[in-house]
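J.: Once you've had a glance at the structure underneath, I'll fire off some questions.
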Amino acid sequence: MNWGFLQGILSGVNKYSTALGRIWLSVVFIFRVLVYVVAAEEVWDDEQKDFICNTKQPGCPNVCYDEFFPVSHVRLWALQLILVTCPSLLVVMHVAYREERERKHRLKHGPDAPALYSNLSKKRGGLWWTYLLSLIFKAAVDSGFLYIFHCIYKDYDMPRVVACSVQPCPHTVDCYISRPTEKKVFTYFMVVTAAICILLNLSEVAYLVGKRCMEVFRPRRQKTSRRHQLPDTCPPYVISKGHPQDESTVLTKAGMATVDAGVYP
């Protein structure tokens, strides 16, 4: 499998991600991809060859192995990693589509034409929805594979000995799994890292939705508050007595000097 191509995808989408998205990429690449390539494949390399049953009946070890390991851990993890990282490629493709559209727009209207996008990689409009749906899809894929692992391998356990009575075995035979403790440790490790990735994806979804809601409702709240604030267009005036000879009146603005409204000789 070409893991260099997968690394290129993860590196390309890193510049379009939030802080939580960068943490997710680090967890996927370091704790899942590298561990899978360096260690997991070596641990499960001898899974069928060293699956030994205490019988010489031809075909019995093969059917017993298929009974307890219908799908290999390694192949399930490989499929899971591919499906989890593919949505990140959609984000990169969406940004590339924006760049191509911007290039054609400038070729048609000239280099001084107003830009279609203020920031090509800014998560607005369709790119925001693409990024959000990619997060939901990644969380759903990891959750689905955890459920599949739980159904196939009960409680993610790896027993040392399994009892098999499948045809063509003549009777119930005991079969022994190679390196069960080591395989159990790696299984738990991959399950925990997948759960962490699910938590990071859901946290990023909450962050994006919350930030978007604040951007939408904050201007409305400020506009509503300005409507309720009445301007001081009619300052209060106080009427007081004016000149004692003609009994004129004086208009006095609160806090200011008096203004004589009468007529003086």
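Residue numbering: from 1, along the chain as shown.
Glycine residues also receive a Cβ, built from the backbone N, Cα and C atoms like all the rest.
Features from Swiss-Prot:
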- C53-C175: disulfide bond (DISULFID)
- C60-C169: disulfide bond (DISULFID)
- C64-C164: disulfide bond (DISULFID)
- 2-13: intramembrane segment (INTRAMEM)
- 14-20: topological domain 'Cytoplasmic' (TOPO_DOM)
- 41-73: topological domain 'Extracellular' (TOPO_DOM)
- 95-130: topological domain 'Cytoplasmic' (TOPO_DOM)
- 152-184: topological domain 'Extracellular' (TOPO_DOM)
- 206-265: topological domain 'Cytoplasmic' (TOPO_DOM)
- 21-40: transmembrane segment (TRANSMEM)
- 74-94: transmembrane segment (TRANSMEM)
- 131-151: transmembrane segment (TRANSMEM)
- 185-205: transmembrane segment (TRANSMEM)
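What's the neighbourhood like for these features in this structure?
T.: In the three-state DSSP scheme, C175 (disulfide bond) is classed as strand. Under a cutoff of 8 A between CB atoms, and with a sequence separation of 6+ in the same chain, the neighbours of C175 (disulfide bond) are F51, I52, C53, N54, P61, C64, Y65, F68, V161, V162, A163, C164.
Look at C60 (disulfide bond): DSSP puts it in a helix.
Taken residue by residue with DSSP, C164 (disulfide bond) is part of a strand. All protein chains considered, the CB of C164 (disulfide bond) has 19 other CB atoms within 10 Å.
Long-range neighbours of the topological domain 'Extracellular' (41-73) within the same chain, counting only residues 6 or more positions beyond its ends whose Cβ lies under 8 Å from a Cβ of the stretch, are 152-153, 162, 164, 166-170, 173-179, 182-183, 186-187.
Long-range contacts of the transmembrane segment (131-151) within the same chain: residues 16, 76, 79-80, 83-84, 87-88, 90-91, 123, 187, 191, 194-195, 197-198, 201-202, 204-205, 208-209, each at least 6 residues beyond the stretch ends and with a Cβ under 8 Å from a Cβ of the stretch.
Only residues 6 or more beyond the boundaries of the transmembrane segment (185-205), in the same chain, are considered here, and those with a CB under 8 A from a CB of the stretch are 18, 20-21, 23-24, 27-28, 31-32, 35-36, 39-40, 43, 73, 77, 80, 84, 132, 135-136, 138-139, 142-143, 145-146, 149, 153, 156, 158.
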J.: Please work out which residue of C64, C169 has the most C-beta neighbours within 10 angstroms of its C-beta, and give that one of the disulfide-bonded residues.
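T.: Per the Cβ count, the most surrounded site is C64.
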J.: Can you name the residues of this chain that are 6 or more positions from C60 (disulfide bond) yet have a C-beta less than 8 Å from its C-beta?
T.: C53, C164, V166, P168, C169, P170, V173
J.: Apart from its near flanks, which chain residues at least 6 from the ends of the topological domain 'Extracellular' (152-184) lie with a Cβ under 8 angstroms of it?
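T.: Those are 43-44, 46-47, 49-55, 57-61, 63-65, 67-68, 70-71, 73, 191, in sequence order.
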